[in-house]
Amino acid sequence: MHFCFFLHVDFCFFGFQTVHEGRIYQLKLFCDKDYPEKPPSVRFHSRINMTCVNHETGLVESKKFGILANWRREYTMEDILTQLKKEMAASHNRKLVQPPEGTYF
C-alpha cells in the first residue's frame, strides 16, 4: 500500500539570544510513497532566513541539512523538528536578519 501525507506544523522557537526567539513558524513535511526509506520534504510556509532554507521557495535543502542528507529510516518527524531548532540556534543562523513576522513564501 502506498500513501502520501502532509504534516502541517506551527513551530514556536524559544531560544536564548537568537533572532528566532518567540517567533512562530509554519512549515510542512511531505512524505511520499518512499517514506520512511527516503526523507520527507520540508518546506517553510513562513518566511525565514536560514542557511539551509531556499530563500525563494522555503524548501529546506537536503544537502545543507544534516538529518535529511544522512537520512535513516528510524528518524522521526520529531527528530527533524529538533534538528531545525538546533540549526536555528547555530552560530551561523542565530543572528541572521529575519523577514518581518507574518510574511510567507
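Placement of Cβ uses the backbone N, Cα and C atoms for every residue, glycine included.
In TrEMBL this protein carries:
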- 1-105: domain 'UBC core' (DOMAIN)
Averaged over the domain 'UBC core' (1-105), what pLDDT does the prediction give? 89
Tell me the residue counts in helix, strand and coil for the domain 'UBC core' (1-105), as DSSP assigns them. 20 helix, 25 strand, 60 coil
